[in-house]
Protein chains: 2
Amino acid sequence: MTAPAQPTSPRRSDATRAAILRSARERFAADGYERATIRAIAADAQIDPSMVMRYYGSKEGLFAAAAEFDLRLPDLSAVPPEQLGETLVRHFLTRWEGDETLVALLRAASTNPGAAERMRGIFTDQLTAAVATFGTDPTTTARRAGLVASQILGLAYTRYVVRLPPMVDTTPQDLVSWVAPTLQRYLTGTPES
Amino acid sequence: MTAPAQPTSPRRSDATRAAILRSARERFAADGYERATIRAIAADAQIDPSMVMRYYGSKEGLFAAAAEFDLRLPDLSAVPPEQLGETLVRHFLTRWEGDETLVALLRAASTNPGAAERMRGIFTDQLTAAVATFGTDPTTTARRAGLVASQILGLAYTRYVVRLPPMVDTTPQDLVSWVAPTLQRYLTGTPES
DNA sequence: GTCTATAATTCGATAGAC
DNA sequence: GTCTATCGAATTATAGAC
């Protein structure tokens with residue numbers, strides 16, 4: 001994959017593929033899966049619509065490529081136990097403030113079954129794995145991860161998708177201080193606490 | 001509106017209108033705004049597609065009628081202050097377990113600007129008004145309502161839309177005990193608490 | 001590799017017979 | 001009030017010229 005040993009092939013137009021993916025993420029994030037059209041994506045990337053089909057086969061294939069997403073969760077076992085909540089909120093806010101892929105996935109997962117499946121996979125695999133790295137009762141791991149996902153995705157949904165005014169106007173710092181204790185309890189606490 | 005003084009008009013086929021609305025809510029809830037077609041809704045209601053247009057004018061008009069939604073929030077000023085969180089979570093869970101209108105709105109708001117506007121209106125007006133009924137600093141009311149909305153909608157999104165396994169499998173009782181303290185703090189607490 | 005032309009569907013909406 | 005027939009527009013996807 002990353003072995004350009006020959007100076008003869010600087011990849012003719014890999015730039016085109018990258019441009020398509022950028023435009024696709026923008027459109028999918030802004031309009032959702034069905035309203036984002038291949039024609040519009042191609043126009044944004046200033047290429048011909050048929051190129052999209054040639055490179056990615058179908059609209060589903062394009063989405064699958066554009067919605068590849070890694071939460072890039074930090075190693076939670078290296079975090080002081082009482083800072084887990086704060087670490088997580090801060091990570092998520094910075095992670096998706098600069099990358100609209102998650103917003104695209106969030107919007108698409110509302111109506112597209114394949115996107116919903118991918119969303120389940122990401123949060124089930126990546127988040128559950130991260131939660132499992134520090135020592136709580138293994139039988140509660142999945143539930144703790146689910147609760148964290150509910151608050152994290154609710155934050156993203158209200159701030160980036162529906163754009164509720166109070167959630168849009170609040171600074172990342174304030175959001176962190178309000179939401180961190182919630183995640184902290186979901187991760188390490190008990191219901192009644 | 002509600003003055004059927006004449007026994008002569010039992011409304012010929014108001015039943016048809018009601019059947020259309022029921023099917024519309026089902027389809028909008030299951031498929032979102034753009035995938036839910038007038039043809040499919042009419043088929044579900046076992047009527048002709050043109051009837052939908054005749055009664056509701058357009059697809060947007062149909063959605064507007066089908067997505068009419070009242071959160072039916074209880075009078076929070078009559079609730080013991082320390083039970084506010086629990087009261088709210090329990091209310092929301094029962095409210096939308098038996099009514100798919102909110103799920104329809106949740107899905108549609110992801111891609112349809114009009115539905116998003118309605119969602120903003122519902123949570124800005126109804127929820128903010130309810131939060132304002134008990135005595136906290138008025139300048140924090142909007143933010144508290146926004147935070148509550150983020151957790152409540154995140155709960156609905158993960159449980160009913162994306163259907164994350166741990167969120168689907170958890171009983172309403174357990175969800176209440178986990179989420180109630182979160183809302184309690186958003187409503188009456190401080191960030192650091 | 002890039003683009004034109006178009007096939008094949010599908011949808012919202014309209015007109016008009018009965 | 002209800003239904004048939006259809007229009008016009010938009011979409012994904014394909015075939016093939018250059």
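From the backbone N, Cα and C atoms, a Cβ is placed for every residue, glycine too.
Per TrEMBL, the feature domain 'HTH tetR-type' maps to B:14-74.
A Cβ distance under 8 Å defines the sequence-distant neighbours of the DNA-binding region (B:37-56), meaning residues of its chain 6+ beyond its ends; these are 16-17, 19-20, 22-24, 26-27, 62, 65. Summarising the annotation, TrEMBL assigns DNA-binding region to B:37-56.
Across the domain 'HTH tetR-type' (B:14-74), mean pLDDT in this model comes to 95. Note: the domain 'HTH tetR-type' (B:14-74) comprises 45 helix, 0 strand, 16 coil (DSSP; helix = H, G, I, strand = E, B).
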